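Enquirer: According to Swiss-Prot, the protein has these features:
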REGION    1-65  region 'Disordered'
COMPBIAS  31-41  compositional bias 'Basic and acidic residues'
COMPBIAS  42-58  compositional bias 'Polar residues'
REPEAT    227-246  repeat 'LRR 1'
REPEAT    255-275  repeat 'LRR 2'
REPEAT    283-293  repeat 'LRR 3'
REPEAT    311-331  repeat 'LRR 4'
REPEAT    339-360  repeat 'LRR 5'
REPEAT    367-387  repeat 'LRR 6'
REPEAT    395-415  repeat 'LRR 7'
REPEAT    423-443  repeat 'LRR 8'
REPEAT    453-475  repeat 'LRR 9'
Amino acid sequence: MSQTRKKTSSEGETKPQTSTVNKFLRGSNAESRKEDNDLKTSDSQPSDWIQKTATSETAKPLSSEMEWRSSMEKNEHFLQKLGKKAVNKCLDLNNCGLTTADMKEMVALLPFLPDLEELDISWNGFVGGTLLSITQQMHLVSKLKILRLGSCRLTTDDVQALGEAFEMIPELEELNLSWNSKVGGNLPLILQKFQKGSKIQMIELVDCSLTSEDGTFLGQLLPMLQSLEVLDLSINRDIVGSLNSIAQGLKSTSNLKVLKLHSCGLSQKSVKILDAAFRYLGELRKLDLSCNKDLGGGFEDSPAQLVMLKHLQVLDLHQCSLTADDVMSLTQVIPLLSNLQELDLSANKKMGSSSENLLSRLRFLPALKSLVINNCALESETFTALAEASVHLSALEVFNLSWNKCVGGNLKLLLETLKLSMSLQVLRLSSCSLVTEDVALLASVIQTGHLAKLQKLDLSYNDSICDAGWTMFCQNVRFLKELIELDISLRPSNFRDCGQWFRHLLYAVTKLPQITEIGMKRWILPASQEEELECFDQDKKRSIHFDHGGFQ
């Protein structure tokens, strides 16, 4: 959210008071102000915040200069204690370990933030039971646009007070109440003030124990939320009972861009219900139906309207128990989603023998940046089809093939893809039964200057690679100048001595300026090599974590 500094016409009128406050700033806050001036993209300066507060009609006037200065000092101390700076539009106290006393101090701060647009106090358990004190001050922050209260242990009284306060913040655009179980069964109380013409653009209600009745209410409310762009109802399994109502409401949210129904207990019937709404969601960019294990078979007869989502960029169907008929049906639809950038079909075991045509047609998705098909039990034919199609995916940045055993011994099928992938940043080949020849091929590709953009490489759980293979790899990994994370851990049941390749790895690390994490779990280091690692840790100023889980 851009927060540019604005000069008000009343600056001249408030000069005496501003001058007094600036004296205070020159004392205890001079250093803080200097740091802010150095950051050209920073939020408003503390002096701006206090000056605007001084001229604001909404802030309660203080009876004397001494009281004003005392309040400023208390507020500054509170923010500094939490490692925060005074800003006039954004107050982010996410995961700050706020205590009950802190909450009281924060409430006292609100009158000095009349231009506040964003308030985030998520992941602070002590917020629960104290929200009334905040909502009673909502009229002082009537410009609020973003309110995040995720995982705050809100009580029934909290959510009721919140619902009554919404009419005092008519500019609200984003609301996050995720991971608050008391929201469930009380959604009408919370959203009762949302009326036609509401400016709300984002509603996130993840894991809120929503009931079927909540879903029915939401379905009736949706037609009033014409500005809604993001709706996340993930991990609320009971709303499946009111999916008809929700889908009916979705037909009136033509501006919706993100719909997340991850782990909502969706069934085969659910796909047909949602399919009827898709034709009205022409602006949808992201659709997440993942982790709905009873969804399998639902796409067999009802994927037709998916093709209407012309602007869809992200489709997540991982762990949906897709059947062979589902895959066949999706083969007719997914290749037509020409704007698709991210596709996740992982953990659908039936794809292994039925996805040859689908994977072959991925070549028609030139914008695809992320392809995740780990743990799909791919077979030789399907992997070959994927390898041939992947050559045409020049924009690919994330490629995850982990837990597909057929990759082992066949990495050569991806040789052209690896050579042509100028944008690839993440490559995951964990538990792919890779053999020495595979890792030697990978080393050769790296040595010749390919995969230059790679940032994360996962080769873990490939225990069949011999020491000679690891030596070739470690001798060449130094050419991956942008590498941040590398994982070569062994399986949990396997322990193995490190070979001489470990010295090559240590040398390579000195040539990798970005590396921060190296996974080496269950590799056994002899005493001499452990000493080398300790010396390396002491000599190098960079922070690199060797994750070994305790060398044996």
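Each residue, glycine too, has its Cβ placed from N, Cα and C.
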Enquirer: Please work out the helix, strand and coil residue numbers for the repeat 'LRR 7' (395-415) from the DSSP assignment.
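Expert: Secondary-structure breakdown of the repeat 'LRR 7' (395-415): 8 helix, 3 strand, 10 coil.
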Enquirer: In terms of Cβ proximity under 8 Å, which residues at least six beyond the ends of the repeat 'LRR 6' (367-387) contact it?
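Expert: Same-chain residues near the repeat 'LRR 6' (367-387) but 6 or more away: 313, 318, 338-357, 359-360, 393, 395-404, 406-407, 410, 413-414, 417, 423, 428, 430.
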Enquirer: Determine which residues of the chain contact the repeat 'LRR 7' (395-415) at the Cβ level, with the cut-off under 8 Å and only residues 6 or more beyond its ends counted.
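Expert: Answer is 341-342, 346, 366-380, 382-384, 387, 421, 423-435, 437-438, 441-442, 445, 458, 462, 464.
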